[in-house]
């Protein structure tokens with residue numbers, strides 16, 4: 001836990017609320033002070049949904065601090081039970097309310113005795129984990145609770161479905177293009193003749209979780225959420241899981257081959273046949289996905305050798321890095337993730353596809369790295385987009401956290417064969433081509449000649465006098481940013497705070513020396 005004015009992953013209670021809110025007829029109650037209760041506004045604004053269960057805040061105020069929270073929390077749980085009739089109520093504290101060190105499990109036990117709904121306390125250490133880790137843990141906790149409940153009641157059915165089926169685990173609210181990815185995954189599995197058993201948590205009902213063990217395998221498209229649940233199901237019920245993210249032509253084929261391997265364990269016994277998906281992979285790669293063709297086109301070959309920086313969550317950053325390096329021939333100068341808890345897996349995935357690796361949740365370090373490398377394009381989160389604007393480097397957004405423009409109304413998956421087309425478009429359109437910038441210079445447009453004089457994370461601000469700004473404006477736009485950065489770098493190395501025309505020429509001579 002640390003004090004920060006901007007973070008890549010939010011506090012733990014947001015992850016718990018995202019999972020609870022994704023299920024149908026599950027109500028979350030947050031034990032928190034005013035100021036921590038922004039989840040409802042955030043979800044309704046970004047997801048643009050009309051029908052979702054809002055989170056209730058059990059406010060910690062001065063009266064609670066004086067008398068304790070017990071009666072207020074219990075009353076809120078029983079009131080919501082009577083008003084909403086949910087299947088499950090999840091109580092979660094926040095970092096702030098955890099300071100009170102109250103026995104919330106006791107509150108839950110008391111409320112459960114007078115409630116028709118199931119009531120659980122989110123089993124998350126709010127000081128030690130972030131939003132994504134908490135979401136992963138909460139989903140596993142809910143699944144475990146209902147499977148153990150079904151086992152006690154004798155309702156647990158672990159016989160496999162008649163035809164090959166899969167559970168998709170980890171699609172949930174406020175995820176990066178999760179709704180679009182879910183549609184693409186359903187289409188992919190349908191093409192393979194595999195039916196969907198359950199999709200959790202998004203749109204699922206906790207009362208149906210007892211049917212999870214009936215699937216032939218579990219598909220976990222994102223490492224950040226769903227992996228703990230898949231590991232639990234594997235340990236308890238022997239269910240195999242596939243965690244290869246089907247993003248990019250190569251990894252989609254790898255994922256489909258793993259699916260084929262898993263269903264061919266039972267298909268010869270139950271269906272008296274074996275499945276072969278190689279013709280499907282070949283057809284989709286050659287005729288449906290345009291990415292393989294595009295990577296051989298002259299347009300993509302123009303990008304060969306250009307430098308790029310990638311940063312995001314572990315799943316998306318690793319997949320995009322491999323797509324850029326293996327499928328499009330773009331040099332990845334640095335790739336990184338803010339998922340420090342998944343560092344070992346991330347390094348293993350990208351170590352042969354980039355020049356350097358950065359594992360950090362400090363955006364200033366990411367900014368300094370980008371300023372040092374001066375890539376032709378960035379692929380990252382909304383923070384990298386902000387950094388790119390300050391450095392005049394284009395950025396394609398490939399991972400959460402994101403602004404509202406990355407919750408598109410149109411169909412924009414990143415997974416599956418349609419996702420390969422979307423990613424190819426994003427990559428190509430993120431690079432600013434020299435002729436495009438030159439035409440903007442001639443005819444006018446969004447290009448600006450204003451000089452940004454502030455650096456990203458240095459205490460000293462450089463100033464450009466009017467003559468040097470005029471000189472800089474005469475330089476063609478497609479190289480202006482690089483010349484400006486080189487001049488500022490030279491000035492800092494020589495402890496110069498005011499940049500003049502003479503300093504510009506001295507920097508040029510130093511660079512060519």
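Cβ coordinates are placed from backbone N, Cα and C, and glycine is handled just like the others.
According to TrEMBL, the feature active site, proton donor maps to 299.
Positions annotated as [4Fe-4S] cluster binding site by TrEMBL: 36.
The substrate binding site annotation in TrEMBL covers 434, 435.
The domain 'Nitrogenase/oxidoreductase component 1' (12-431) scores a mean pLDDT of 91 in the predicted structure. Here TrEMBL flags 12-431 as domain 'Nitrogenase/oxidoreductase component 1'.
Compared over the recorded positions 36, 299, the count of CB atoms lying within 10 A of a residue's CB peaks at 36.
Separating the Cα atoms of residue 299 (active site, proton donor) and residue 36 ([4Fe-4S] cluster binding site) is a whole-number distance of 48 Å.
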